């Protein structure tokens, strides 16, 4: 463990060499309206928590550490992590291609200019990063992982003048989180805009965060299309202090932004955080994935020829990572309860030319087949892998002619006088055609349903459970989670874990992971598993680069006691702290070995 962390230190130092401002307290008070514009037009968000949830996390982490975690969650990682598909290409080839792409787009010059030279490099890796923003991971077994350095936070001159506020665009919180990760501002994400904004104008982009309303709910309290004047009478003028994420050039006028349904509204050419976008870049050869997620696939330790279940597989990142580790030999069953998400897994597998992945639509809570069901009502669990055929699954969409649709509706009305089709229905049909096809208007996209699987039918199971996602970053809002909702997440995950235990054969492996910082969904699940199933035991994970788990527990105000790990167990799990030098998302991994079930 220590060796793996030491190997990662050079990479960490190189990516974290940018100076960062001191971390503010997550409970800092809003900035007053009379403050200097330079302090208003900046990025200095604070994460609001439900008071009971905040007390719970302070108990788990300590006040200082939780303050650092809250601060880190509002920032993206300062690097992007790329997994190379080594079945189609090589790491060196991808490095050369990415360098060429970054040089062509100018991103390479941007990152190097921000860092400046290092007069005292401590080793060859740090020295090489002075001349290139791309580096290979130095952890044994993860050499196919690349880190692409970004930078931030940066100070931006929004052109503020006395009595003349800059033209401004306000985006939704989810849009802002995507922009901080490198995306553009798309039309659906725009909530408000200054008057008289024309195509080609420079605008300051800020974000509207949900606020607690008098009814107890959360909302931004702003109607889409609100006109901004840059004055204190604007909606949420005070709340936007410290919530400016960059400057961009509008790609359409204000009228156009609120008239069309898609397209780029603002081209972000000056960002608080500068991270490369890998949208549609080297499809099939690379996959953008968080480092802890890659480690989770390695912890499963899949072997060629095995039968493996990914219980909640969408969007397929871990599924395809496991397939590559198996050299595409064996069978991976990828299940998800969403039809469209199963299609996403199929599409990703096809892009990566992986043939060992079989996909099913299946609720993880019903993953074990009932013994009283006849075989005729159960999807055949064949070990023959599902082959993806793009000409059938991902064929072009049949776009219907609106005029033809209208005529058919009218014709149908004449054939059956009892059927009345209003003009509103005709307009709805036209609008549907104009806005693009829905699921039922697409050819192909076949998804196989499953009634579940036989007990003890898998060698290994990965349960990357649906969770509160409180480790994902950047995160600008967390107030909606309550103690009750966190405990409900944990109950849901226990039921899924019960299914996983039944599906793994004796001698098999279960890996459980989440992307949350909530101990109730992490350490408390491990405690439940070990206390409930005596044939389960925690196992060492390789590689191990995360920190130890949490020991102890917490007593809630209603008297419920939540137990976490016991001494000696903390080093057998991996907890990724978003405020640690690794600079990852918040994540948790536990690995269980299944012993004889008849004891």
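Cβ from N, Cα, C; glycine included.
The active site, nucleophile feature in TrEMBL is assigned to 515. What TrEMBL records for 312, 313, 314, 315, 316, 317, 318, 336, 363, 464 is S-adenosyl-L-methionine binding site. What TrEMBL records for 219-595 is domain 'SAM-dependent MTase RsmB/NOP-type'.
Feature annotations (TrEMBL) mapped to structure.
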residue	record	Cβ contacts under 8 Å, 6 or more apart
312	S-adenosyl-L-methionine binding site	335, 336, 364, 463, 464, 465, 466, 496
314	S-adenosyl-L-methionine binding site	336, 338, 341, 342, 344, 345
316	S-adenosyl-L-methionine binding site	334, 344, 345, 348, 349
318	S-adenosyl-L-methionine binding site	293, 296, 297, 310, 462, 464
363	S-adenosyl-L-methionine binding site	337
515	active site, nucleophile	290, 292, 293, 467, 469, 471, 472, 585, 586, 587
Self-check item: Pairwise C-alpha maximum, in angstrom, for the residues (312, 313, 314, 315, 316, 317, 318, 336, 363, 464) that bind S-adenosyl-L-methionine according to the record
Solution: 19
